[in-house]
């Protein structure tokens, strides 16, 4: 028999003289929402419609919005206010659509969110697509997702353009981003902890799975041994699928064979070079290569942006060599301060790649195409391969841990920068530790604000050093011409 679903005929709750009876615990949340300008859900005439879809078992007040109204609803209410990273974004969605407007029950929201935590892609964007599907079907899901992503994409596109104009030559601009780099390293290390919280935990028992911990640790070892990232991820995805079926002997043999194979490789071919970590799918930043780069990174972005960082870094910075390490860290810093899913940093990467490949027009095209590739998987992936994804997700933790260490080393020791070659590594290390303390102490949307004093101290110190170097150069009447970053990532000066 078809389930009966109660929905409102209008797109938004209408004012009425009678309010819905709300339990005490929910009413407290509603009172808090009033303080930030949200209206309490009020009753309106309802109509009953039939639904035979198994995913619609909960009674819900889901408004049937037109496509344009749905786009504007998610663009205005969530896309523009997507500050503070995934935790704040998901909290905003739950507060508005679950606690206030009651589109679905809290229990159903938790079930849906648990599913999206094990799928690739930003969970906040996927939740928007889910709510869009409830309101207007599959097309509604696509429109809601685009509405949520678009504000951050536009801002990142603008930031990429401004960076290309000023980022390579302006001493103050360079100093500002130099100061942010140790904070970015701290954010990535914090992400290792956050992702590990649910990546190495069994979905049913909610206990730590020792085999997922092994997958994470061994993948980190493999990366240190310069075994290709994708080989490690694929291997541990398959390996955990075998472990989950309790084929202990087969899984043990496979685990041993991976290192036997590596030993044979070293004997006959020598120790792998750093370039062996990559597949080489984006050795040149052509449009098709940028799309593939975004598609692969998006397909493996379990837990959000921080899991996509290692893949793009290896392909664009290490193997391709067309994106300097310092610029790559800058793009992550920009992505952290915009109202968008953190994977939006890929837009910046695509812009810089297109700029080198074919000029300004190719830069905008590259930014668009890599963003499409990055978000495409989160529209498509389902839970059909959940066991494979569990093993892959645990393995990803090991990859991020190694990349976090590499970025910390780069942010502390640094690369030669224009007019500021003598970087203060001690200050960078202090900023890194302070940022870690803030990130663990403040886990809400106010964390970026609390980080501001830390950033300001580092920026002022870096600018002072850069200004002093500029004065020395001017007094010695040395002509300095600043070149664009070389393929290796260093900034050159000629005199």
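Cβ atoms are placed via backbone N, Cα and C, with glycine included.
Please treat TrEMBL annotations as automatic predictions, because they have not gone through curation.
Quantities reported herein were computed from a predicted structural model and do not represent experimental measurements.
Of the given residue ranges 139-163, 164-188, 464-488, TrEMBL assigns the label transmembrane segment to 139-163.
Looking at the stretches 36-64, 65-93, the one that TrEMBL records under the feature transmembrane segment is 65-93. As a quick check, the transmembrane segment (65-93) and the transmembrane segment (211-235) miss the bar of 3 or more Cβ pairs under 8 A, pairs 6 or more apart, so the two do not touch. Between the transmembrane segment (139-163) and the transmembrane segment (363-385), the number of CB pairs under 8 angstroms, six or more residues apart, is three or more, so the stretches are in contact. Counting residues 6+ beyond its ends, the transmembrane segment (363-385) has Cβ neighbours under 8 Å at 115, 118-122, 125-126, 129, 141-142, 145, 149, 153, 156-157, 160-161, 164, 285, 287, 290-295, 297-299, 301, 308, 343-344, 346-355, 357 in the same chain.
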